[in-house]
Ligand code: CP
């Protein structure tokens, strides 16, 4: 039963519950008109303490396409956060006005704190370098739709694996399906954190290895998950400038990849995927962004118990 639950971590839902969300997303994709009024009279609050295009807009589009309404803020300075209001007080107040809330915050764990004080479902829309569970729902739905399965995959994660919350969440989620293995491609300074390596991969006997050159491993991959080096997470601009263009996927490199390898990216991209890849049928990142709206429609409907 998903009604009334929070989604803070990709593992908050069982595999069966995830399948419920994906099945509903399938139904919505099949016939969106059937769902035009399922959230009539309901309100989603988007509480974004950090910038966003896809997550906030897809949450808002999702609620509007279900017949509901939206309130919220897209940056903290436009709210009483700028006067020093705590996350706990903000969510207690928002709970007086809205039925469900999606929160993005630069501090790890802030949506979890909010959930402890909330009388409405709280969805983590990205917390610092920690987790981004609805991006993971998006990624899983995309893989499930375009590959047909979530098991027996070799997934390459490339770029900023240290600060990249989308990668941390995706590894957590895909580790629960059978026979998936990971290849991590990053500069040494941006390697996958120890907690992912030890607590998720080693603890669950998941096969993984690290590589420094993309060309060496591209031929093995079913999925290449590219990520941006995140300027906003660096303390030192010189380090960012030195590392930002470590990996750039272009036509030449794609010659090493399988014909059916999928290129995913949570977006936004900066330089890491050349625009020429947009024309390659293996570049699936804009389809992925669209699936993000459908899976959020399914998630909202399930957490509100309107279906
Ligand atoms: N993928 C993602 O989280 O994008 P935004 O930062 O634009 O929401």
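Yeah, the Cβs are placed from backbone N, Cα and C, and that goes for glycine too.
Quantities reported herein were computed from a predicted structural model and do not represent experimental measurements.
Residues 54, 55, 132, 135, 267, 268 are given by TrEMBL as carbamoyl phosphate binders; from 104, 233, 242, that same site also lists 104. The C-beta environment of residue 132 (carbamoyl phosphate binding site), restricted to residues of the same chain at least 6 apart in sequence and closer than 8 Å, consists of 55, 124, 125, 126, 165, 166, 168, 169, 266.
As a whole-number mean, the pLDDT of the domain 'Aspartate/ornithine carbamoyltransferase Asp/Orn-binding' (152-301) in this prediction is 94. Comparing the Cα of residue 83 (L-aspartate binding site) with the Cα of every entry in 54, 104, 135, 267, 268, these being the binding-site residues, the smallest distance points to 104. Listed in chain order, the extra residues whose Cβ falls within 8 Å of the Cβ center of the carbamoyl phosphate site residues 54, 55, 104, 132, 135, 267, 268 are 52, 53, 125, 126, 166, 266, 292.
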